[in-house]
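Taken verbatim from TrEMBL:
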- 1-14: compositional bias 'Basic and acidic residues' (COMPBIAS)
- 171-273: domain 'HTH araC/xylS-type' (DOMAIN)
- 1-22: region 'Disordered' (REGION)
Amino acid sequence: MSARYEIERHDARGSGRSGGQEQVGNCAIVRGVPHAALRDTVVGYVGYRTLSPGPVFRQLFPRGWVTVLFGPPLPNGLVVPVTGVHDRVVRFTQQGRHRGIAVGLAPTAAFALLGVEMFELGSRQADLVDFLGTAVGEVVERLAEAADWRSRFLTLDQFLLSALAPRPVGDDLVGYAWQCLQQAYGAMSITLLAERLDVSTRTLELRFRREVGVSPKNAARILRFQHAVGLLEHSGQDRMTSIAHACGYADHAHFAHEVRAMTACTPTQLRAALRPHPRAALLIGTRDQPPAREDRLGSGVGPG
């Protein structure tokens, strides 16, 4: 089996971008491109190495894929945490210096891989071991023994190609609806989408939630937010209104409201948190301070 990768080397002593090196928060990262046969199912691989000796508090912002995190077990005991498509920030803690790989899966691919209705996963973190059993432990061991990043990405290619091969094909209607929403960056009427598919909006929602995990309307919100994230990377404060309009928000106030609802921060704070590379940050999570007590309990809005 052959595979091509685009790998960026990093120096833990560096910061920002220098000589092809890249940092996200206090993580050095290496980006890998999955095997061509996984192009429609795997968004990407991001290898990371934390540089902090103490606990690292992370937050996963909403994004249009399912994240699978291969690394040391989390403090809550999850071996390989899986986070579904969600429309609110998800916070978690990682311990000290370590290395891992985040895998972004298309929701329909995750549905086939896990064999569970995706709305049951939602924004909570589940364990891949609970779905795929001993095969997960074996790939974790192989990743730990691999000599370099190229070998680790190849290990994941082999694992995913094998795991997805025998899985049943998903609902064609859902696959097409998801593709339409992606191509429109979420700026699409769900009523018109249902009419195009010749189904009721209720039927579309039920079938969509089963394989994607959220309603078509929420999926559109997430994809629109994800589009805004990409534009925010190179924007200045004076471009916020133009970004809002480009992404289909009614105005800047609507944009700011949606960003705060989904991330608990302002657009300016979001832009700062996502730099220097939004796709990597969305996959591995951005570094954050421990949330305030009321935010951990879900009764307040903490800083982004």
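Backbone N, Cα and C atoms are what each Cβ position is placed from, and that goes for glycine too.
Helix, strand and coil counts from DSSP across the domain 'HTH araC/xylS-type' (171-273) read 78 helix, 0 strand, 25 coil. Per-residue confidence over the domain 'HTH araC/xylS-type' (171-273) averages 92 (mean pLDDT, predicted model).
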